[in-house]
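*Asks:* Could you have a look at this structure, given as structure tokens, before my questions?
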């Protein structure tokens, strides 16, 4: 029975809710069925054993979560303020990520990786972001984007060449955005011209996260402009390749320890064996990877919101005004309760999207919902925390202002909040 249930869960198709116009709405309301469940799945789960709550973790997940929390508090927290001020990540922090196995979470153990689950990556990103969003981002890019792309689309030779290094020593970055190709990423102008057994890449990319520390760049370039966006191809480019230049890091509002740089390509010669997947399929890989990566950003923003909340509540339970603890004023209690409820909703959305991905089930809508809600909430809750703490919350002597600055990027990268709403609306339209 359990095996059959697993097969149904993994193979279930998205239920299209096309109700006949003659059907009375009171008999079968549209909301009666979850958009991510098929009828077979519903039957299988209704008669089977009770399903575990979303916040039930395996022993491995609990162990990873606990270890990362300890690492973040002991090896990241002491450097957070300095890294933010200097706009530079401490080498010891990056080395620690590799030593702890946090840069190759899903990479198979035969390549030197941890061999854990995608959900484990989500837990790691969340725990790191509670302490520092920049460190969480480095881990997020490596695990939810680069490692997964090479694992899914790479040849055995590419996996053997890059995955061991990505798991143990080499940070990475993905190059998609350009000056005129942000949300409209398929409008990219970077080109890749075939010359014998090589491709020559020319162009420039903008807003490239982790560019300053990356030893490997996954680059999207158009190999056939006559085919439009279907000419976009994905290349694996080593950081020391001649003609690849990383520019000066941007002076950003938040996530300052994470380098965000322009990257230019001047006659960069890449062997055709470094094409990831198939020529002209880069746009598919980009869409698929970003859909998955959005769950990572949701986890990051969830961590930012939770970290700020965890710091603020003890403060307002101690500080007194008018002879009472600030926390004891009903007006503030209502605000705290509202934020705590929204925080729990963001966590459930994020965990659900991650579990759906692991089960091989449709999760595009759920990933966008998680990213949208967690990102918007992070901005709101960090703003509220500053207000709750009063004047000290507005100073750099306390970390809540940094959480506030770090939160803003969540509504921008890997698809703005408006792009997420577009995606969610398209999915809803397809369901009815």
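Cβ from N, Cα, C; glycine included.
Copying in the features that Swiss-Prot gives for the protein in this structure:
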BINDING   174-183, 207-209, 319, 330, 387-391, 416-418  FAD binding site
BINDING   183, 229, 283, 291, 292, 293, 294  substrate binding site
MOD_RES   70  N6-acetyllysine
MOD_RES   183  phosphoserine
MOD_RES   284  N6-acetyllysine
MOD_RES   426  N6-acetyllysine
TRANSIT   1-33  transit peptide
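What's the neighbourhood like for these features in this structure?
*Replies:* Secondary structure at residue 417 (FAD binding site), as computed by DSSP, is helix.
Proximity of residue 283 (substrate binding site) to non-local residues of its own chain (separation of 6 or more, Cβ distance below 8 Å) is seen for 186, 220, 229, 230, 232, given in sequence order.
Using a 10 Å radius centred on the Cβ of residue 70 (N6-acetyllysine) and all shown protein chains, the other Cβ atoms total 12.
Secondary structure at residue 183 (FAD binding site), as computed by DSSP, is coil.
Under a cutoff of 8 A between CB atoms, and with a sequence separation of 6+ in the same chain, residue 284 (N6-acetyllysine) has no neighbours.
The secondary structure of residue 426 (N6-acetyllysine), as reduced to three states from DSSP, is helical. The Cβ of residue 426 (N6-acetyllysine) has 13 other Cβ atoms within 10 Å, all protein chains considered.
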*Asks:* Could you state the whole-number distance in Å separating the C-alpha atoms of residue 293 (substrate binding site) and residue 174 (FAD binding site)?
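*Replies:* Cα-Cα, rounded: 12 Å.
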*Asks:* Check the Cα-Cα distances from residue 291 (substrate binding site) to the recorded positions 70, 177, 417 and tell me which is shortest.
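*Replies:* In terms of Cα distance, residue 291 (substrate binding site) lies closest to 417.
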*Asks:* Output the one of 177, 209, 291 that, of all these binding-site residues, has the highest number of other Cβ atoms within 10 Å of its Cβ.
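*Replies:* Result of the Cβ crowding comparison: 209.
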*Asks:* Quick check for the class: what is the C-alpha distance, in angstrom and rounded, between residue 390 (FAD binding site) and residue 294 (substrate binding site)?
*Replies:* 33
*Asks:* Mind telling me which of the binding-site residues 180, 293 has the densest Cβ neighbourhood, counting other Cβ atoms within 10 Å?
*Replies:* 293
*Asks:* Tell me the Cα distance separating residue 417 (FAD binding site) from residue 426 (N6-acetyllysine), rounded to the nearest angstrom.
*Replies:* 14
*Asks:* Just checking, which of 292, 387 (binding-site residues) has the fewest C-beta atoms within 10 Å of its C-beta?
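*Replies:* Each of the binding-site residues 292, 387 was scored; lowest Cβ tally within 10 Å is 387.
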